[in-house]
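*Asks:* Quick one: the structure is below, questions incoming.
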Amino acid sequence: MTELRRRGGGGDPDSTENISDKEADGDDKLCFPGEAEGDTEGDSKADTPDVPPSTDNTPQCLNKALEGLSSRWRNWWVRGILSLTMIIGFFLIIYLGPIMLILVVMGVQIKCFHEIITIGYRVYHSYELPWFRTLSWYFLICVNYFFYGETVADYFALVQREEPLQFLVRYHRFISFALYLAGFCMFVLSLVKKHYRLQFYMFAWTHVTLLIVVTQSHLVIQNLFEGMIWFILPISTVICNDIMAYLFGFFFGKTPLIKLSPKKTWEGFIGGFFATVVFSFLFAYLLSQYQYFVCPVEYNSETNRFAVECDPSNLFVMQEYTLPAAVQNVIRWKTVNLYPFQIHSIALSSFASLIGPFGGFFASGFKRAFKIKDFADTIPGHGGIMDRFDCQYLMATFVHVYIASFIRGPNPSKVLQQLLVLQPEQQLSIFNTLRNHLREKGVLPPAVAEAQ
């Protein structure tokens, strides 16, 4: 940018026009690091526009009860009470079933999107960017239409059978793309000469937010349909790690872990890891005993309800394992009975403890870039919803990849749903091919085959 200014009238006419616009208006280069001459590296107050600080919305009754405590212990009690309340609410939502869980995930997604977009709006609202918030919410609707439409088409057999809905299922992706194109064209038409660069900044801001929030929440729902245990355990391990790392750091923390989060300590990080692995192993044992948690969530079109009844897969059937010789010498046991899922829980909890916190560090870096303490002030002592779910989204992606790589096999229900939308001639061809294949394998006796 400096080099272009030095050229003055050199270069093509468009470049000259753009330079003169920016020099005359000055709006498009304000408050961005490294843009103006003489800017220092990232820490000056001019680097980032000021964001209004969050307000303390702790209930008055709680403030009065804790008014005699130091700020450190007061924050400890506020966080503890609110954490316990949220955990109780979480298990209540689980009790209400899959539909309520899906609605809650969608609500959390919308709130997280609102918090991030609001930061962008507060920072740049003085520039009066045309249609910024309108287009942001429009793109959110488009992306949700695409992802939730895919989910409905995959898991709800009802839409495959209803004639009016088959059109939407068949052309779902084309409709989604057309909706997005409409928003894209609206953005191009909204471009204003003196705000080109800012508008593209905010366009990228919106799309990165959609990638981080909406895509990950879609993966959370995908994990839920694999079985509620794939939803509950990962979320619980992240919650456990967050709580235990905080407690170990609060009482024993002395060694700083990372500059992005000065309050994080190695003691909290290591203590949280071991506590989370133990919790996950025991919690997996408890959940594996119940069909409600281990069976895939399937929609029953006859009863119009979700069903969580099945014969549990081998992953949730108790098996005997022979311990290594070194372990046998220590604990004097030769074998141990475990659910195979408990072994997988160690991998899940290890990720939640060792890699999951980097989602929080990423969020801390983001907040430091805009000089804010929290994304919002929705939850007293905790900040915004995004402050509580920064690690959950990273965990959801890992669980989805883990299931696809190591757990999931062919899904007969999805194959059947695809068969139901084929033409009768295609269905008959597949039936004859499958019948001949089963006859060759000896599964279908020739006499029975002929009778059919």
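Cβ atoms here come from the backbone N, Cα and C positions, even for glycine.
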*Asks:* Which one of 88-110, 341-363, 387-409 shows up in TrEMBL as transmembrane segment?
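*Replies:* Residues 341-363 are the ones TrEMBL records as transmembrane segment.
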*Asks:* Near the transmembrane segment (199-221), which residues from the same chain, at least 6 beyond its ends, have a CB less than 8 A from one of its CBs?
*Replies:* 102, 105-106, 108-109, 112-113, 116-117, 120, 124, 129-130, 132, 135-136, 139-140, 143-144, 147-148, 151, 187, 190-192, 231, 392-394, 396-397, 399-400
*Asks:* Which range out of 171-192, 227-253, 341-363 gives the transmembrane segment (265-287) the most CB pairs under 8 Å?
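*Replies:* Ranked by Cβ pairs under 8 Å, first place goes to 227-253.
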